[in-house]
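Taken from TrEMBL, the feature transmembrane segment applies to 7-28, 40-59, 71-94, 106-130, 151-172, 178-200. TrEMBL lists 206-305 with the feature domain 'FAD-binding FR-type'.
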Amino acid sequence: MLKRHGYWLGLIWMLVIFVLPLPFLQTLQVGIGGIVGAEWLPIAAGTIAYVWMLTSIYISTRPQWLDRTIGLPAAYQLHGIISLAAILLAFLHLEGAHSQGWIKLTGFWAFYLFLGVAAYSLIFMAGWLTSRVHWLASLKVWLEKVFRHEISLWLHRLNLVATILVFIHVWLIDYIRAITPFMILFTGATGLVFLAYGYYRYQAHQGHTRARLMEIKALNDQVLQLVIKLRRPLSLHSGDYIFIAFPEIAGLEELHPFSLAKIDPDRRIVTLAIRQDGDFTSQLVQLSSGQSLIVTGGYGLYHSIIQDQKPQAMILLAGGIGVVPLLSIAEQYADLPINFYYNAHSANNLLYEDLFTKWEQRNNFKSVRQVGRLATQEVINHLPDDRQGLLVLIAGPSSMAHHWIKVLKAAGIPRHQIFYEAFNW
């Protein structure tokens, strides 16, 4: 699966960058006729920019087929990069194309809306970037005191307004409007993407699975446990995460992702362990048993990776609250030899001691739980001699994951036997 994951990821990138714009460019070029060279470039740049922006909007609807293929973190990275590339191409279009009146105004308004939202999103909604640029992550933490997540979501939706402005911009250009095949493709693609987004928004408020909060309790001074009863079954697997929202409570109306600590599919009960460190999570303490909520999912690749690789043994490496998705995996795969390494900043933050005590009754389960960083040599010394059937799953901060991937590769474990699913939104 990891090899295939890389294959599918590359294929989807190629599809988005090269294949999707082709029919738009082809129909436009045929319709325009003799325009080539310097005159054609700004038109082509604007066309590709629009196709990529439509693609970005579609990715924002979190299609489950895309998640199960490449994972939402990779999809959001694609979303962010093609959005920035689209803005760059839109700038080239703006500089090279000449227009007047409403055509010019709609183009300018759209571009500066896109630019403003992109600048904001690079700080608040690009976890794939802030996890790599430390000063940007620090700036995000400081600014989040003012700009709450819900504000970020609404500002991000200004991209829809900008896209509508571009749609109007194109329809106002008479010689483009006269190219029937292009306009059918252009209008049809826009309509389909907006229908997908509209359905996604409908689902967010009406169509998702209804659920009830059975229990809420503190596991420590930072982490809350939520036990949720679903009204109907969802396609959930160990290692998955779900999105939840509480539509009746101000500040908790928007969907947020959380990993599954436990799953009881027969009783339709899921358990979440949530650290209170954000504007959404810090408000969860006000909840009480019986509260209604909506749930969508599952999302995530851990289960797919395990099913595809069919490992003979697993190593689970968890840091801090990142332990949560690995708990349900350790519970489900009791027949596999598992070495579970788990560290946290304090003893109080080492969660679910009872589960580890239970699992350690199994002959094939070993765990190391400690405060502070895990000793690299401790893990390396206990690697199995036969590493061909070994699968390593990592969950936690990206810096921790990058460290262990480097260490394990140096120890002779192939990269395709190591999997880390980033959880940076």
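Just so you know, glycine gets a Cβ as well, placed from its N, Cα and C.
As the structure is a computational prediction, the values presented were derived from the model and not from experiment.
A Cβ distance under 8 Å defines the sequence-distant neighbours of the transmembrane segment (71-94), meaning residues of its chain 6+ beyond its ends; these are 5, 9, 12-13, 16-17, 41-43, 45-46, 48-50, 52-53, 55-56, 59-60, 62, 107-108, 110-111, 114-115, 118, 121, 125-129, 159, 257, 299-301, 421-425.
Each residue in the domain 'FAD-binding FR-type' (206-305) gets a DSSP state, and the totals come to 12 helix, 47 strand, 41 coil.
Taken together, the residues in the domain 'FAD-binding FR-type' (206-305) have a mean pLDDT of 90 on the 0 to 100 scale.
Using a Cβ-Cβ cut-off under 8 Å and counting only residues 6 or more beyond its ends in the same chain, the transmembrane segment (40-59) has close neighbours at 16, 20-21, 24-25, 28-29, 32, 66, 75-76, 78-79, 82-83, 85-87, 89-90, 92-97, 114, 159-160, 162-163, 166, 170, 186, 189-190, 193-194, 196-197.
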